[in-house]
Amino acid sequence: MSSEESPLLHSENQERDERRVAHLALYSRFSESQKRTILSVVSLAGLLPLFVAGSFIPSIPQIARDLNSTGAIVSLAVSLSIFSTAIGSLFWASNSTFYGRRPIYLYGLPLLCIGSVGVAVSSTLKNLLFWRVVQAFGSSGGLSLGSGVIGDIYQLEERGTAMGIFFGACLLGPALAPLAGGTAAEYASWRTMQLILGVWGLIEILLVFLFLPETSHPGTRGKDKIPESERGRFKLVNPLDSLWLLRSPNLLAISIASGLVLLTDFVLLVPLAYTIGVRYHIENQALIGACFLSCGLGNLIGAPLAGRLSDKIIKVWKIRRKGEWVPEDRLRAAWVGALYLVPLSVLFSGLITTYVDGPLGLTLSMVCLFFHGLGVKQAQIPALYILIN
């Protein structure tokens, strides 16, 4: 019996070894230094949409005065840009699976540059809203494409750490963008920051052109699967196809939970000039921007922490299951952030802003914003890994 089974077992082991070698080869196409360079380039691109969003918020009062409007009306630009970012992320990510990562970066970033200049020269609210949509659409690929690139070049066991570094770098945006936008608005003009974003977009185009090769796995792009004679033709990719993934109850639940967690960010931060700013008599827009630093610092610490923790949890549970990998194990790293830090920080922030006066109230509000930023990323990052995997 054993002599009959041995060839079969040998064949199975050989096939398994061949699959493992082929799998490792996919992630050995780039050296470690190349991977670090690629990670740096896509992290800088991922920072852009967060700067586009964050640098605008502290300058809302000045924009309202400049365009003879109100803060509530100008805040529509924030809502529209978020919607544009959502649609843009679907559009760029879907097309990147057909055309590849590199060309989609080079198509999207010029729109960011054009939109930034358009926002800077806007003289009416309608123009402002239109160009904000263009600007956000052009920058929106930074996060979704960057996540895809990391999935292309890093193995499963390395991916969490790389994603933590990526999101940690990107989340300098929430920490620094409001301060930069508020400082520009206070000491120059809100339009200056928009021009800076346009120049930044040009620099990013150059970096992508010089240092970002195509990272998609060989033969996996949609264009690789059609006849060579047809590859030069433009093909419209339906960006909504990926929404069919939401038929999975697990993915739907994760997406809803992540969206609700992110919603608390906007509830706390968008009206900050009219909540903490008014409550504690802060009129300097640079100082209002500085109030965002505590939340951004929490984001910055929470993202890599969640990445490393989720990697560790995956390895531990993979060993416990004797080599079986279950993506949902990563959610164990999200429990503290989602169940405790986010809801409690929002609750206490509201109570403190309402009932605690003076420097003590302001200090405690900043502490709440820090723990909120920490909790949001601890809740979101493991969920994002699951969606990417």
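Cβ atoms here come from the backbone N, Cα and C positions, even for glycine.
Automated prediction, rather than curation, is the source of TrEMBL annotations.
Here's what TrEMBL has on this protein:
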TRANSMEM  38-60  transmembrane segment
DOMAIN    38-389  domain 'Major facilitator superfamily (MFS) profile'
TRANSMEM  72-92  transmembrane segment
TRANSMEM  104-123  transmembrane segment
TRANSMEM  129-150  transmembrane segment
TRANSMEM  162-181  transmembrane segment
TRANSMEM  193-212  transmembrane segment
TRANSMEM  251-274  transmembrane segment
TRANSMEM  286-310  transmembrane segment
TRANSMEM  331-352  transmembrane segment
TRANSMEM  358-376  transmembrane segment
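Summarised as a single figure, the pLDDT of the domain 'Major facilitator superfamily (MFS) profile' (38-389) averages 88.
Tertiary neighbourhood of the transmembrane segment (162-181): same-chain residues 35, 39-40, 42-44, 46-47, 49-51, 53-59, 142-143, 146-147, 150, 154, 190, 193, 196, 269, 286, 288-293, 295-297, 299-300, 303-308, 373, 377, 381, 384-385, 388, selected by CB-CB distance under 8 Å and a gap of 6+ residues from either end. The stretches the transmembrane segment (193-212) and the transmembrane segment (72-92) are not in mutual contact, being linked by fewer than three Cβ pairs under 8 Å (pairs 6 or more apart in sequence). Contact between the transmembrane segment (358-376) and the transmembrane segment (129-150) is not supported, since fewer than 3 Cβ pairs fall under 8 Å when only residues 6 or more apart in sequence are counted.
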